[in-house]
Structures are given as structure tokens and as C-alpha cells.
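What follows is a set of notes on a single structure, which appears directly below.
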Amino acid sequence: MEKVIDITERVPAMKKRRRRRTNFKFLALVTIFLFIIIILLYFQLPYSDIKKIDIKGAALKEDTYYIDQSNLKINDSLWGFKISEVEQAIAQHEWVKSVTVERKFLNEVQITVEEWQKVAYISQDGEFYPMLDNGIVFEESNEIVPIDAPIFRDFENEALRKKLLKELANLKPEVLSLISQINANPTEADPYSITLFMNDGYEVRADANTLAEKLNYYPSIIAQIESEDVSEKGIVDIEVGSYYRPFSDEYTLIKENTEKTEEPAEETENADTEEGGQLEEQNEEEPE
């Protein structure tokens, strides 16, 4: 037979459970209230103001430039701006590839800028302007001859320049650092013909369309040349295949071609001189 529990025995337990439930609700309400008070105080007091603006990834421009472009200032409200608007203000510059703005901790803003890579310089009016891998010429110049990237000379063709910039961006960093100067020497047969002058003393003839594909093998090509005890530096031609000839052979060939070109001109000049002399003799023999 089941035991019958008197209601008077259950009352204390019920009161205890009710008291616990009431205390829990009270604590929850107090916690929420305190949390709201803290948030209100945070927004009202200087703790929610910007105390630091951190710029990461800037190379072409100073950190202060990007801070000015963001329109953010120290002691502005950390929550008083839209992230998308700040990102748009910085990303509108053609040398900026991407930008990310983040609120850090309780009073910091971090702006991460990814710029287009500088791959070369172009010489204009005695100054050197950085060229980026998206094809643009950066607005700020340098009067000092740069050593951190190759220099473009005689690149009047914009299509050729942009094509070459893309190829340089695909080069291995260790190969790109070996290039000192690049000259454009287009012809009707090959409008993309270029000449590269390397820091190690060699000269490379190449086609801009296939430069990255072939020039990435440059270190191994030079290693093979020097392993054959070649005592003279020269020209590495990778326009079609890949072959090497010393500078002395190249200059001898140029000299011979120049002499062959000059010989017909000299013969013509001599013939004209002889013909002129014969005419003078005939004029002297004619009676007055």
C-alpha cells in the first residue's frame, strides 16, 4: 500500500523551490540591468573612443596617408563610422588592390591594405616612376636611380609595357631581383622583342609574351654555361629556343655586318668620282 504524504509535509519543500526560482530570476534581472548600465557607461565615457589606428601592408604610401584617407581620427567614437565607407574611401585608389577595416579590442582600429606589387620603374623626364603589376604607373617619382626593381627604357608602346609588367609579376622573386634594366627593341617581325641587362653581367634577348615561362629557368641556364668553363660573358637568347653566344662573337658579327653595309656605299662613291674625272678630261679635250 502506497504511503500517503500529507500536504503539510510538502509545503516547506515547495516554498524552498519557489524561493530558489525567485532568486534566480532576480539575479538574472540584476545581471541584465548591470550589463546595460556598463554598455551605457562605455558609450558615454572616453573608453569607447578611438585610441589607436594601426595600418598594415602600406609600402607605396606612408601610414599617415591612409589614416587621412580613412577620415578617422583619434578620440572619434569607435562605433561612429561604417566599416564599408572607410574601406571604399581607401580602395578607390588605383594602386590599392584590397583593404580590410576591423575594430580591435575596445578602442583600436586596424586597417590592412594590400597594394599592387611594384615590379619595375620607368624612366621619364629624368625621373623614375614605379610601375605596378596591374599595369599602372605610380604617381610618385624618385630622382635617385632605383636598385630594388628593373628599369624600363624606350617603352612607348603601352600594350607592350602592360604585357611585360604582367610577365614580371609571374617571375620568381630571386629571378626578378637579377634584372637591372629592360629595353624595348620591337621590329615589324617581332613587336614584343625586348633586351634584359642582368646584374650578373649577362644580356638576355627575349619575347615579352613568353618571358616568365622561360626566364624562370635563368639560374639553371647560367649554371650550365659557367659549368662549361666559359671564360667570357655574353648573350642568352630565349626568344625562340635557348642558346648562348659570347659578347666577342656578337660584336664581331655586328662589325662584319657594318663593314658589308659600308662597302657598297664606298664603291658607289668611288665610281661617281671616277665618272666625274672622265667627264672633266673630255671637257678639257674639246676645242674652244
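Cβ coordinates come from backbone N, Cα and C, glycine included.
Taken from Swiss-Prot, the feature topological domain 'Cytoplasmic' applies to 1-25, supported by sequence analysis.
Proximity of distant same-chain residues to the transmembrane segment (26-46), defined by a Cβ-Cβ separation under 8 Å and at least 6 residues beyond the stretch ends, is recorded for 75, 77, 79, 106. If you look up Swiss-Prot, you'll see 26-46 marked as transmembrane segment, on the strength of sequence analysis.
What Swiss-Prot records for 47-288 is topological domain 'Extracellular'.
Among the features that Swiss-Prot reports, domain 'POTRA' is placed at 48-116, with the record citing sequence analysis. For the domain 'POTRA' (48-116), the DSSP-based tally of helix, strand and coil residues reads 18 helix, 24 strand, 27 coil.
According to Swiss-Prot, the compositional bias 'Basic and acidic residues' annotation covers 253-263.
Annotation source Swiss-Prot lists region 'Disordered' at 253-288.
As annotated by Swiss-Prot, compositional bias 'Acidic residues' applies to 264-288.
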